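What follows is a single structure, written as structure tokens, with notes after it.
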Ligand code: HDE
């Protein structure tokens, strides 16, 4: 007979239930504290968690085995519906500290009490993919923040892009159906490169501004740590006099903005589908938690009336050059969840979670969202009592009301009274409304005809798309063209491709021509008909570029050091020190996971074997190899990929002289070795290398090594005349 401790799986049980098989084979329980004993949900200690109750050794199982039935019942119900959008997410805890008071504009304590710390929970996400999809999908990133304020929970359910695809919430189900897997085949997963998405988009001109953003490198970020966040809609601040001021919320990463290249993203999804969550997890573990400034754009009706576009239209931004972003505080995300399901999965954000002093506007997308989030929580969490789950409970203030009962109620009001008004004495269990501190809605004057209409002030769909495009650095413009060609070349219907080029003609002629050429269209399709003539007079907004707003140093980045047996121990040490001095991290990659024996006999322990540590995992690489090691690596395809990928991805590559033949065998000729190749030797060279790495990429390289660059460069030259 199988006993605990004898068979496979017994080890797991030992964690909470210590057992020992005595010399006679009989089972003895070692006395221990009660809270280490495995129990059922009813608290009954479990004696055997390895075998179901049976009749005889080989007989049928018995229904009487309540432990088995309870365990299996619970397992069968472990899953809750994943979010219909933003299913793939990663949550962390943090703290917000206010540095500048907005007391002239709002009564919200979280925005007026300078120096106050407010607990936060942030969930990053992608939009289209299912829960198990890869982190590096080309997609918008959700950046949802819950502030547990003294006056209740305030959520900014934002994205890393400040505009959206549609102007009215009624189109959201269509947009999402079109973006997610096609219904007949159930694929493609986590990507927009398919007919249905581009069909919908090509018929939805209001999406064109968003299209520029999603085809830019914003949708393939290097890290959650290097994205911005935006509340998107125009919200409202309300002060003690009841006066309203419009506000747009911004999160600015102190780490600088950074993205990867598309070819890198595709490979990262295979090499490490958890790349973004692992990166944030590690940054917190290393005690280098990321920080963002919370910024606001504040404006009044006068500005709103004079602005070129409607401030209620979520497909438009207000350029920072027109209304600067005022930094009012900082938040740091520095703590893991204890349990992914309990917190990240069960957290429930809602745009209508606002505190006194913060309110809404009539943005029709925001109004629709205010309905949708609460509604979806019931489906997902199964009960109106989802606010009783610890991650959703207010932490900065008490909760008292007469809401009661329902599935899983944890917090029914105590005492006799469960209604109001009532004649019982006011108290914790008999709360009263508070006209002084309670939430007051902004007293907006509204009038109008009931109608299903779109305001003519929402009609310009191309001008800001163009403004975004011309605000990009040349390499970023090229990437937008490349992304459009990639996505549209996965679209089977030629008429959809053509329609999209027709829209691009309203945005930028070079872009349209490059995309048409990339798709092999023999002639340019007709321009899409625009509801209003697109403007060409909007100036570039440098704030919209990622490359222009990169980091100031290599801090927070990762260097991959490829070593072999016999490599210079002194150089490895010097590099490691230089990396540390920059506030960056490194990983050693070697032909064997045990590491490499360096020239002084010490062992450099490897974090990755070369096959598991491709250069896409690193922001820059250093080839610290011996002459023999270089010969060995020159015969290894994966090692050569390490170099050729780093080269193709425009990364900085430090190298020792003896690595040159290896580099050449990896396909990089001496003539291709640009300023991004930095010889390594002494301390100064290592430090200089790390300083150069702050630029992250040698973008000029891409124009030399990519066939698709030619059309783009010709278009640029033609524009310059
Ligand atoms: Fe969402 N969105 N959304 N969304 N959204 C959801 O709520 C919805 C929109 C955003 O990490 C859902 O709890 C509608 C814009 C984030 O838990 C759902 C519309 C922006 C998250 C929903 C939008 C967002 C969601 C799905 C058009 C950026 C993840 C699960 C009117 C400002 C939150 C859930 C998390 C999640 C509805 C458009 C951001 C169905 C109807 C614009 C970051 O309620």
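Heads up, residue numbers simply count up from 1 along the chain you see.
Quick reminder: no glycine exception, Cβ is built from N, Cα and C everywhere.
What TrEMBL lists as domain 'Catalase core' is 39-428.
According to DSSP, residue 123 (heme binding site) sits within a strand segment. Within 10 Å of the Cβ of residue 123 (heme binding site) there are 23 other Cβ atoms, across all protein chains. Here TrEMBL flags 83, 123, 172, 369, 373, 380 as heme binding site.
Marked as active site by TrEMBL: 86 (among others). Secondary structure at residue 86 (active site), as computed by DSSP, is coil. Other Cβ atoms within 10 Å of the Cβ of residue 86 (active site) number 23 in total over all chains.
What TrEMBL records for 159 (among others) is active site. Annotation for residue 159 (active site): spatial neighbours 140, 141, 142, 143, 229, 230, 232, criterion Cβ-Cβ under 8 Å with sequence separation of six or more. DSSP classifies residue 159 (active site) as strand under the three-state reduction.
Residue 86 (active site) and residue 369 (heme binding site) are 14 Å apart (CA-CA, integer value).
Neighbour density at the Cβ, taken as the number of other Cβ atoms within 10 Å, is lowest among the binding-site residues 83, 380 for 380. Residue 380 (heme binding site) is 13 Å away from residue 86 (active site) when you measure Cα to Cα. Per-residue pLDDT, averaged along the domain 'Catalase core' (39-428), amounts to 97 for this model. Of all the Cβ atoms in the protein chains shown, 17 others lie within 10 Å of the Cβ of residue 373 (heme binding site). For residue 172 (heme binding site), applying a Cβ distance below 8 Å and a minimum sequence separation of six or more within one chain yields 166, 368, 372.
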